[in-house]
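Student: Annotations for this protein, taken from TrEMBL, read as follows:
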TRANSMEM  105-126  transmembrane segment
TRANSMEM  138-156  transmembrane segment
TRANSMEM  168-191  transmembrane segment
TRANSMEM  224-246  transmembrane segment
TRANSMEM  258-278  transmembrane segment
TRANSMEM  290-310  transmembrane segment
TRANSMEM  322-343  transmembrane segment
TRANSMEM  381-402  transmembrane segment
Amino acid sequence: MASISRFVVGDCGLRASGSLQRRGLCLQARRLQTHSRLSDELAPNEKGGGLSICGGSLAPIAALSAASLISPNSRGRQVLCKATAGAAGNLPDAASTGLSQYEKVIETLTTLFPLWVIIGTVVGIYKPSAVTWLETDLFTVGLGFLMLSMGLTLTFEDFRRCLRNPWTVGVGFLAQYMIKPILGFLIALYLKLSPPLATGLILVSCCPGGQASNVATYISKGNVALSVLMTTCSTIGAIVMTPLLTKLLAGQLVPVDAAGLALSTFQVVLIPTILGVLANEFFPKFTAKIITVTPLIGVILTTLLCASPIGQVADVLKAQGAQLLLPVALLHGAAFGIGYWMSRLSFGESTSRTISIECGMQSSALGFLLAQKHFADPLVAVPSAVSVVCMALGGSALAVFWRNKPIPADDKDDFKE
């Protein structure tokens, strides 16, 4: 009897997909499992592009064509499993190999993130009281739980993978903390924004990547694993980079409490993320139980964290919304474009899409929280509120556009597992 739970062929470039498809996004790897009486003969197929499992009477059991599990230089190849006709053994039910009904619902809710943002925006503007109950303290707790949910999907191995991909992850980090802040500064300067609004635009441009970028990367057929790693690295780097860059670029406009920004970033972002990683690493059984609930909590929290800033500055948006829309839209649009074309100089299409989305989408909710806690002028928080909408709509539109443009079959693989 032979039991095949995961068939990996090095020559075909097949890899285990667990690291590519995150639990937090409900994209669990599907396993091909058969229990059949097979001979021990493993023969190369006629074209030499893969291997076949052969028995006495050859009858196809299943053919797996999984582009998402195959490295870019081997897309379109198949693993063909053949076994003796009528042999004892059972194939698993289709339902057992796919996502559960709950996971399908969560995946649908997650990929509809832009729709929830639009609904939240409308509610925030026309019915602010429905979302403004999420004030600073509760907002801080909600953002902390969101960071904790991200940490629960990470392990120490993810950080080791960062070390195996220093160039790829490093380019994304530089795009996040060099291109975006400079763009924010130049746009504020060129459009002659008032000091509070200019400071708010610079602050949001210095924030780390947000979880919404992971969803957008998945929709755009980018590299989800790389997206998660880049979000993780920029999140950890935010404790230094966000206050430092804000101080350097906006310090001459308004007083900037760099130490306070660093402390708040450490408390709200780094501590929950580290706690999540430690829980996942040392208490895997506990994590496995709660991880089924955290995606739904994440969807709800993300929607509230997007809607609440809109509701809290609704009056300002009604009065000055048009003035703020152009600079914020320019910031995100330029970041998407420069991030993509800069990456295409060295990387393949999939990696370039990922870096573009990471560069253009950041944690606007963190920018809003920092603006509320550390700046006296309430107008500093307004660009972050507008950014929530521009980021979600722009990122999702770009992701859908790319989803309809296939990745080239010869796209080079820039990511090392």
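Just so it is clear, glycine is given a Cβ too, placed from its N, Cα and C backbone atoms.
Remember, TrEMBL labels are computer predictions, not curated facts.
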Student: So if I exclude everything within five residues of the ends of the transmembrane segment (322-343), which remaining residues of that chain have a CB under 8 angstroms from its CBs? That is, six or more out.
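Tutor: Answer is 171, 175, 179-180, 183-184, 187-188, 191, 193, 197, 201, 204-205, 351-353, 355-361, 382-383, 386-387, 390-391, 394-395, 398.
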Student: Check for me, if you would, whether the transmembrane segment (290-310) reaches the transmembrane segment (105-126) - at least 3 Cβ pairs under 8 Å, residues 6 or more apart in sequence.
Tutor: yes
Student: Using Cβ atoms only, state whether the transmembrane segment (168-191) and the transmembrane segment (224-246) have three or more pairs under 8 Å that are 6 or more apart in sequence.
Tutor: yes
